[in-house]
Amino acid sequence: MKKLSARRRHPLAALVVLLFALAATGGLYAALAPAGEAQADASETSIAVEEGKKLYLVGCATCHGSEGQGTSDGPSLVGVGAAAVDFQVATGRMPLQQPGPQAPEKPVVYTEDQIAQLAAYVASLGPGPAIPAEEEYDPQAGDPAVGGELFRLNCSQCHNFTGQGGALTDGKYAPDLTDVDPRFVYEAMLTGPQAMPAFPDTVLSPENKRDIIAWLDAVNTEKAPNPGGFQLGGYGPVSEGLFAWTFGIGALIAAAVWIGAHTAKAKKS
Amino acid sequence: MSTATDERTTARRGKAPAGERLADWADGRLGVYGAAKYGMRKVFPDHWSFLLGEIALFSFIIVLLTGVYLTLFFVPSMAQVEYHGSYVPMQGQLMSEAYASTLDISFDVRGGLLVRQIHHWGALIFVVAIFIHMMRVFFTGAFRKPREINWLFGFTLFILALFTGLTGYSLPDDLLSGTGIRFMEGAILATPVVGTWIQMLLFGGEFPGHDIIPRFFVIHVLLLPGLLLALVVAHLILIVFHKHTHYAGPGKTNTNVVGMPFFPVYMAKAGGFTFIVFGVITLIAGTVTINPVWTIGPYRPETVSTNAQPDWYLGFSEGLVRMMPGWEIVLFGDYTLNLGLLIPLGVFPAMLVVLMLYPFFESWVTKDTREHHIAQRPRNVPTRTAFGMAWLSAYFVALVAGGNDVWAINFNLSINAITWFCRIGFFVLPVLVFFLTRRICLGLQRRDRDKVLHGRETGIIKRLPHGEFIEVHEPLPPAERYKLTAHEQPRPLSLPPAVDENGVERKVGPLEKLRARLSRGYYGEQAQIPKATAEEYREITSGHGHH
Ligand code: HEM
């Protein structure tokens, strides 16, 4: 025992442990894996998991740990589920570039297939919410009126009444939801990214989630009708006041200056 | 410069035309001729800044007219109904009749949405115009004797407009309306001792109850517009009575008014301007959304939204609350004083009252009891101008604080940083602005002096025979010189000698001493640059020529 503990700090110790661990995993896998072609699906999944793991070790492990256990630079991913990975990576939030108040959206760095593999790998670390199927987030299937009410009840305190976004404390913010892909809206509710609370199915049923998506689709997309004209960002009275103080009174003062300058020359009669 | 000539041919024989007979008949009973003659011969000076009040007046008229139209369709009731109008994303929702009727006005009444938007844009622009008009009056000293009462009338109009806006904003019972009413309720409840009583009285029970919207409706469409209208009329009558101020110029003195006669020139201009104001507001209302209640949603006490602000004119009160730390004091172990609301609640009227009473303060300091009909140039009264700018800076800091979340999200700033900036700025900025403005005013006075004495820089460089380069200055035309030197430069009050001629010590009250000090602040050496005198001008121009 003494010998072993003395060697524990040997430079190669980690490597030896890793080799043992891999051998053990491999052995276990060989022993326990369901036999052959019986489960083509499962093996496809496991290929995805394998590929995902490779991608993960390259792109994510520095922050989230080699096993997804988390480090001081990133939280544990055990149990966050495929939906969280899909949301974070497909909106470009992950991989994070630099620490800040909040992970911003960036151009996406992985292909769809790679994202699916990453998701499969993280899902294999522990059970968590899966990526929703397309009919679950179809805006056409929801009721926008119910969704609007739920949105004002659950979301507008952070995202504003139509989801134009709002500021949170210390530079954090709830982003603008204009034209966000319904899939991401669903996943955001499911997984609660960063400062946003999660709304699991026990809190907001899948139908309710779809209603919210239908509401956002009705009022907050490029194609949503604007019966009143330009929206001024949809921020409410602040942008309206700013407009009145600039364009509104500006145009009227310009007219006043014009009238003041064009005076009829007085004639002595 | 022209006097309205009115030759009434009374000497004509025989039967006068029917029109004239009708006019005579009316005149005999109403005395309209005298009144009209008096009014028509009024003159109104030409300057764009004198049209700001007109913008306010005309937008008020638009708001009145559109308000009448809205009243035909609006249902001031908080009874719950299920919505089945034509806006699909609200189908089947429970909402108050007030909100449902606002949706109906927007989607099912002909022209309703346009009229709603004209009404609301008109209201915003109305208050902007009042505000700027008030600033014009302030910075040109047009509030001085004999116009102090009219300043108070105008100021009351401003306050009434704020409350008319507040009650109107609350009517549609959308999420923002309700949040605003809730906020107001909180402020009332924070008032010590009487708060809960007032709340019960106003709401007729617990929040939200069923009374607040019907009550606000009466206040909004009847009480306040009536008062506004009456005061507007009084305001205008006083203007006619006092006559308008004008800027100094050759022939434009403290004892006359130079401008266009009210009829026909001014009438035509004002008529044209009315249509321009109508046109601009309608254009904005036709193209830019305001208060899209259909997406904001009906109010429920359990819902809330970020970006919930009042309309801009109450933004500064919102800002005062947002800046204020949420302090509380618990008295006698069980009575909570909510300073977080109470202090802003005191600062809000205090800021307004300070501005309202300023004219009286100034006349006290300057002991000036003469009549003034010449509008001053702000630079020539640096201390007042600096005070006004300092007040404005505090006002705008509070206004910015009121929108802290909107600035934060749009400029990627931290909301906490903005709030701290405003907290510090609210105290520091007015002081900085005060001194900076005075400096700038003095600089401008100095430049005026130079311009009078040395003329305008032409940008033409001349080389003299011995090699020196000089810029050619062109003397100002006499009218310009007159304008730049027409202002008075009073001497500061001085206290009488501490000892009178008999060697007895004179008693000077502390108030009197304060007044003398303030007076030095207004008219002392550091507050005005001696304007160019005729002698100086002659000396310079006759001597070695100008360059
Ligand atoms: C004089 C200044 C006035 C101001 C500053 C003002 C301001 C406002 C504001 C901000 C609203 C909310 C409007 C909305 O977004 O729908 C409103 C609504 C309303 N106002 Fe006024 N208003 C004024 C005068 C009047 C007058 C004179 C009347 C009627 C005689 C009137 C009738 C109404 C009605 C019925 C509504 C509710 C209708 C609706 O919300 O669509 N207002 N007002």
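Each residue, glycine too, has its Cβ placed from N, Cα and C.
Annotated in TrEMBL:
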- A:CYS60, A:CYS63, A:HIS64: heme c 1 binding site (BINDING)
- A:CYS155, A:CYS158, A:HIS159: heme c 2 binding site (BINDING)
- A:47-126: domain 'Cytochrome c' (DOMAIN)
- A:142-220: domain 'Cytochrome c' (DOMAIN)
- A:1-30: signal peptide (SIGNAL)
- A:242-261: transmembrane segment (TRANSMEM)
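Counting every protein chain shown, the Cβ of A:HIS64 (heme c 1 binding site) has 25 other Cβ atoms within 10 Å. Mean pLDDT across the domain 'Cytochrome c' (A:142-220) comes to 90 in this model. Comparing Cβ neighbour counts within 10 Å across the binding-site residues A:CYS60, A:CYS63, A:CYS155, A:CYS158, the minimum falls on A:CYS63. Sequence-distant contacts of the transmembrane segment (A:242-261) (same chain, at least 6 residues past either end, Cβ-Cβ under 8 Å): 232.
Within 8 Å of the centroid of the Cβ atoms of A:CYS60, A:CYS63, A:HIS64, where the record puts heme c 1, the same chain has further Cβ atoms from A:TYR56, A:GLY59, A:ALA61, A:THR62, A:GLY65, A:GLY68, A:THR71, A:ASP73, A:GLY74, A:LEU77, A:MET94, A:PRO95. Chain B lies within reach of A:CYS158, A:HIS159, taking the binding-site residues A:CYS60, A:CYS63, A:HIS64, A:CYS158, A:HIS159 and requiring a CB-CB distance under 8 A. If you take the Cα of A:HIS159 (heme c 2 binding site) and the Cα of A:HIS64 (heme c 1 binding site), they are about 28 angstrom apart, rounded to a whole number. The DSSP breakdown of the domain 'Cytochrome c' (A:142-220), given as helix, strand and coil counts, is 42 helix, 4 strand, 33 coil. The two recorded residues, A:CYS158 (heme c 2 binding site) and A:HIS64 (heme c 1 binding site), show a Cα separation of 28 Å. According to DSSP, A:CYS63 (heme c 1 binding site) is assigned to a helical segment. Taken residue by residue, the domain 'Cytochrome c' (A:47-126) breaks down under DSSP into 41 helix, 2 strand, 37 coil. All protein chains considered, the CB of A:HIS159 (heme c 2 binding site) has 24 other CB atoms within 10 Å. A straight line from the CA of A:HIS64 (heme c 1 binding site) to the CA of A:CYS155 (heme c 2 binding site) spans 29 Å. A Cα-Cα distance of 30 Å separates A:CYS63 (heme c 1 binding site) from A:CYS155 (heme c 2 binding site).
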